[in-house]
Amino acid sequence: MGISVGKLSLYVAAAGIRPWATVPICIDLGTDNEKNLTDPLYLGLRMKRRSKEEALEFMDEFMAAVHAEFPELVIQHEDFATERAFDYLKRYQHSYPMFNDDIQGTGAVILGGFINAARHSASASGKELRDQRIVFMGAGSAGVGVAKQLLSFFINLGLSEEEAKERVWLVDTKGLVTLDRGDKLAAHKTFFARQPGGPQIKTLIEVIQHVKPTALIGLAATAHLFDEAVVKLMAELNPRPIIFPLSNPVHLAECTFDEAVKWTDGQVLFASGSPFASCGWRGHTIEPGQGNNMYVFPGIGLGAILARVKTISDKMIEASALALSDSLTDEEKADGLLYPRLNRIRDISTSVALRVIRQAQEEGLVGNPIIGNLGDDELKKYIEQKEYWPAFMSGEHIDLAIRS
C-alpha cells in the first residue's frame with residue numbers, strides 16, 4: 001500500500017491533483033512463498049497465488065467496477081509481474097482511461113531524456129540523429145517498455161517501424177535476444193528479438209563490439225554490469241557516449257555516475273534511475289540526469305483528468321515525453337542537463353498535461369467540452385487554475401471542495 005499512497009502523493013505534490021480525489025488500491029492475489037505464508041507477521045493474504053485465469057477474471061471485474069463507480073477516474077497500474085503487466089495493458093488500454101507507469105511512464109521519461117542526449121551525441125560525432133544505435137541490458141517490462149517508446153524517436157525522424165526496430169538490440173542474462181538461440185522467449189521479448197541466422201552473442205561487451213552502439217541503457221537490476229571495460233569501449237566508439245544505468249535502487253545501478261565520468265574522461269551523457277551527486281572533473285562540475293518517472297506520470301494524469309479522456313493512447317504517452325524534452329530552460333541547456341531541475345516540477349507537469357490534452361484532442365478522446373474552445377495560453381491558465389495547492393482550509397471550504 002505504501003507504493004500506492006506514495007505515487008498518489010506525487011500526483012498531489014507534482015501536479016496538484018486534489019488529495020481527496022485519489023484512491024490508493026493494493027491488489028493481493030496470494031503468494032507461493034512458503035516463508036511468507038508461515039510468517040505470523042506477514043500482512044498479505046495467506047493463500048496460494050491465484051492462477052493466471054483467475055487473476056484475469058478478477059482484474060476484468062475490478063476494472064469494470066472501478067470505472068462504473070468512478071467513470072472519470074484515471075487508473076495507473078504499478079508493479080505487476082512483467083507478463084501480466086503487458087497483458088493487462090493490452091487488454092484494458094483501449095477500454096478505460098488507464099496506463100502502466102512501469103512500462104509507459106518509464107518509457108516516456110527515458111525518451112524525453114534520450115532525445116536531448118541524442119542531440120548532444122549527434123552534434124559531437126557529426127552523425128545524423130537517425131543513426132543512433134541502442135543496446136538494452138535487461139529485457140523485463142521496464143526494458144521492453146522503454147525500447148518500444150524509443151521507437152517513436154526514430155519513427156518521428158522518418159523511419160518505418162521495422163527500420164526503427166533494427167536500431168535496437170536487447171540483451172538479457174543469456175546474451176543477445178534472438179529468435180533462434182534455443183530457449184523459449186517470453187512473449188514481450190519477441191518484438192525486438194533478432195531474426196534467425198544472425199550471430200549468437202553471449203556477453204554484453206561482445207554485443208557492444210558487434211553493434212557499435214551510440215547508447216547503452218541498463219534495466220537489469222544488477223550492479224557493476226557496466227564495468228570499466230564496457231564503459232571505456234563505449235567511449236572509444238563515441239566522442240559523447242550515452243550511458244543510462246536506470247536500475248533502482250542505487251546499489252543495483254549498472255554503474256555509478258563517478259565511474260561513468262572517470263572512464264569516459266568526462267564525456268558521458270548520463271542519466272540514471274537512482275539519484276547520484278554531481279561530480280567534479282578537471283575543474284568543472286558535471287551534473288547527472290535522473291530519469292525519474294515523476295517528470296511525466298503526474299502530468300499525464302493531470303491532463304487525462306482535466307480533459308476527461310475516454311482512454312489514454314500511446315501517442316498521448318509519447319506527447320508527454322516530447323513535452324519533457326522541450327522543457328529545458330536556457331540555463332539548464334547551458335549546464336548540459338538532459339532533464340530539467342525538479343524544483344520546477346509543477347511547471348513541467350503543466351507543460352506535460354497541456355501536450356497530453358492537445359494529443360487527446362487530435363485523436364477525438366476528449367470528453368470535456370471546455371477544452372476545445374481554449375488556445376494554448378488559455379489552456380495553460382485553465383490547467384494552472386485547476387491545480388491544488390496545499391493551504392489552510394476551513395471545514396466549510398473542505399466540504400465545498402469535495403462536492404465540487
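Our numbering is plain: 1 for the first residue shown, then up by one each step along the chain.
Glycine is treated like the rest: Cβ placed from N, Cα and C.
All annotation found in TrEMBL is predicted automatically rather than curated by experts.
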Recorded divalent metal cation site member, picked from Asp39, Asp60, Asp102, that accompanies Glu78, Asp79 in TrEMBL: Asp102
Collapsed DSSP category at Asp102 (divalent metal cation binding site): helix
In the chain carrying Asn292 ((S)-malate binding site), residues 6 or more apart in sequence that have Cβ under 8 angstroms from it: Val109, Gly273, Tyr339, Leu342
Distance [Cα-Cα, Å, rounded] between Glu78 (divalent metal cation binding site) and Asn248 ((S)-malate binding site): 15
For the domain 'Malic enzyme N-terminal' (1-93), mean pLDDT (0 to 100): 94
Euclidean distance between Cα atoms of Asn248 ((S)-malate binding site) and Asp102 (divalent metal cation binding site), Å: 12
